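Colleague: Okay, these came from TrEMBL:
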type     : residues : note
TRANSMEM : 121-140  : transmembrane segment
TRANSMEM : 147-167  : transmembrane segment
TRANSMEM : 173-196  : transmembrane segment
TRANSMEM : 208-235  : transmembrane segment
TRANSMEM : 255-271  : transmembrane segment
TRANSMEM : 283-303  : transmembrane segment
TRANSMEM : 376-395  : transmembrane segment
TRANSMEM : 416-434  : transmembrane segment
TRANSMEM : 440-457  : transmembrane segment
TRANSMEM : 469-497  : transmembrane segment
DOMAIN   : 525-648  : domain 'STAS'
Amino acid sequence: MGVNSNRVEDFSSHETALRITTEAAMPPMVIHSVCPPPQQTTLQKLKQRLGEIFFPDDPLHRFKNQTLCKKLLLGFQFLFPILQWGPQYSLRLFRSDIISGLTIASLAIPQGISYAKLANLPPIVGLYSSFVPPLIYSILGSSRHLAVGPVSIASLVMGSMLSEAVSPTENQILYLKLAFTATFFAGVFQASLGLLRLGFVIDFLSKATLVGFMAGAAIIVSLQQLKGLLGIVHFTSKMQFVPVMASVFNHRDEWSWQTIVIGFIFLAFLLTTRHISMKRPKLFWVSAAAPLTSVIVSTLLVFCLRSKLHGVPIIGHLPKGLNPPSANMLHFKGSYLAVAIKTGIVTGILSLTEGIAVGRTFAALKNYQVDGNKEMMAIGLMNMAGSCSSCYVTTGSFSRSAVNYNAGAQTAISNIVMASAVLVTLLFLMPLFYYTPNVILGAIIITAVIGLIDYQTAYQLWKVDKLDFLACLCSFFGVLFISVPLGLAIAVGVSVFKILLHVTRPNTVAMGNIPGTHVYQSLTRYREALRVPSFLILAVESPMYFANSTYLQERILRWVREEEDRIKSNNGSTLKCIILDMTAVTAIDTSGIELVCELRKMLEKRSLQLVLANPVGSVMEKLQKSEVLESFGLNGLYLTVGEAVADISSLWKSQP
């Protein structure tokens, strides 16, 4: 193939299409040959492919061309990020970190107690979980602003999944053992993902799925707190909308007006402070201090009026002291092991997703990078250690991290300061929580989870992608009316269905020429694009796999049939050539190659020529090795659609 005129003839005067383009209008076009990629051995290809899958960030690039001592130092810094910024740590940074650490401690203490009750665990476990994990994360984590501790979603899921198998009131010891065991397996799962660099697993929890899941969970969590807000003694342990509401109205005789008054006054106070901080971010400390303020004021109120408020349930005795060891309570045998593993994996995925998302959010605001695999390792190891020190699943909390960021945190030392404040509380301040009313914990939980209802994002999903919105709805209603784990599973199923739909039913478009250019674009997308007489130019916008080869064959033949019908009805020029633009075909397998071969034979029987344009390197290599290209001849493969049209048109013109 050489240099040819780029003129495209209008073969029919009756068809509105691309008109004759003179050589003066556009410069002559050079016809280029399509080159295969450089030769590589199978081992080289496998190494490159595995590197792209598991090491897209090339984590060892810092070790290149370094001395042995430098490599050892870099290795320790890689494993313990605190060694990177620790030597440059200063008093000025500590001043900022101590303020932010004490600020998040004021939020973490009441939230820790509240979230433990949400997971049907003793309140003291929430404080234990706010002490050990933050210390471990500050050494291993790569985020400067992530505030670690119990979170509402993981607490809710753990409480709902474990309570289906074991009653937290009738069999407290077994329930506690399963909670610690589930935390251990959550940590093992998270650390394994980081170690094996399998972080893409959590990508199956799409944003749409999480939006619906968190909204449904927030509503269920809020409704569950009606037990405390209304003073109901006998309440359902189920986590679905209908049983919860039925329990609320079936026990109207248990409603306590004192509890209702206290609860709704403090709930209004907490919601008001939250609204103020949202409207004026500089006043973040108002909402951050509100939970601890509510706990102190309500405790004093109940203590002073305990003779008149004897019907208001209180927390009661909380043991003083550091986290007791719990390695002996891990439950690795028996019929409940499967429940613990399943709960650990589900809560592990959810907490990992939240922690990494929050860490990356604040890292982007401060223009630094968070290593996802390193975060998985850090969160996994802190949960494994936490399970042996009376802690349940912890991760980075969005609310506490936002407070930490706004309070001016500079490094992970803020987590150490927070843990120190919790330590002081555990050692000396436990008796002060004796008269804290349970209703306050419910109000704190409602205020924390109500921000998870993101209706604006849901509306955006509806506008942009209806399938994403469907996944969001499935997750929302599944959590609300079926169960938390099943609702999440349904939403993941819808997301996987969406992936399969895109793979098995890829998009194909008919293309036309933009007048005065060599550019070819979709006829439906660009109104100025014109059909080229005697050509049907199609683009496939996906890999050609076994999953879509049959569909693509049927769809392309349908394009041909429709084009022939259109030409017949418009009395246009005869269809002679089908050009398949393979620019977007990123991969092909043996079924895809068979599709190309069969398509060429079927079109040849109808006196139609099939031409391939711009196959990418890996596709070109496989087509060449399969010897399919030999059947296409000299005029069956081109670098661009424009070159194919120009060269084939000139060949037709030169023929008598």
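For all residues, glycine too, the Cβ spot is worked out from N, Cα and C.
What does the local environment look like for each feature on the list?
Modeller: Within the same chain, residues 79-82, 108-109, 111-115, 146-150, 159, 168, 175-176, 179, 315, 318-319, 322-323, 374, 377-379, 381-383, 385-386, 389-392, 394, 412-413, 415-416, 418-419, 422-423, 425-426, 430, 433, 441 sit at least 6 positions outside the transmembrane segment (121-140) and bring their C-beta atoms closer than 8 Å to a C-beta of that stretch.
For the transmembrane segment (147-167), the residues of the chain that approach it from at least six positions outside its boundaries are 104, 108, 111-112, 115-116, 118-121, 126, 129-130, 133-134, 137, 141, 174-175, 178-179, 182, 213-214, 217-218, 220-221, 237, 239, 336, 339-340, 342-343, 346-347, 350-351, 354-355, 382, 392-398, 400-401, 403-404, 414-415, 418, 445, 448-449, 452, 483-485, judged by C-beta separation under 8 angstroms.
Non-local neighbours of the transmembrane segment (208-235) in the same chain are 118, 152-153, 156-157, 241, 244-245, 247-248, 251, 254-256, 258-260, 263-264, 267, 311-313, 353, 438-439, 441-443, 445-446, 449-450, 452-455, 457-458, 461, 465, 468-469, 471-480, 484, 487-488, 491-492, 494-495; each lies 6+ residues outside the stretch with a CB under 8 Å from one of its CB atoms.
Long-range contacts of the transmembrane segment (255-271) within the same chain: residues 228-232, 287, 290-291, 294, 297-298, 301, 308-309, 311-313, 437, 439-440, 442-444, 446-447, 450, each at least 6 residues beyond the stretch ends and with a Cβ under 8 Å from a Cβ of the stretch.
With a cut-off of 8 Å between Cβ atoms, the residues of this chain six or more beyond the transmembrane segment (283-303) that come close are 103-104, 106-107, 109-111, 262, 266, 269-270, 273-274, 276-277, 309, 312, 314, 402-403, 406-407, 432-433, 435-437, 439-440, 443-444, 447.
Away from its own ends, the transmembrane segment (416-434) comes close to residues 97-98, 100-102, 104-105, 108-109, 112-113, 123-124, 127-128, 130-132, 134-135, 138, 147, 149, 295, 299, 314-323 of its chain (Cβ-Cβ under 8 Å, at least six residues beyond either end).
Counting residues 6+ beyond its ends, the transmembrane segment (469-497) has Cβ neighbours under 8 Å at 156-157, 160-161, 164, 204-206, 208-213, 215-217, 219-220, 239-242, 342, 346, 350, 458, 461-462 in the same chain.
Mean pLDDT for the domain 'STAS' (525-648) in this predicted model: 91.
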Colleague: What residues in the same chain, six or more past the boundaries of the transmembrane segment (440-457), come closer than 8 Å to it by Cβ-Cβ distance?
Modeller: 110-111, 113-115, 117-118, 123, 152-153, 207, 211, 214-215, 217-219, 221-222, 225-229, 262-263, 266-267, 270-271, 274, 290-291, 294-295, 298, 315, 399
Colleague: With DSSP, how much of the domain 'STAS' (525-648) is helix, how much strand and how much coil, in residues?
Modeller: 59 helix, 21 strand, 44 coil
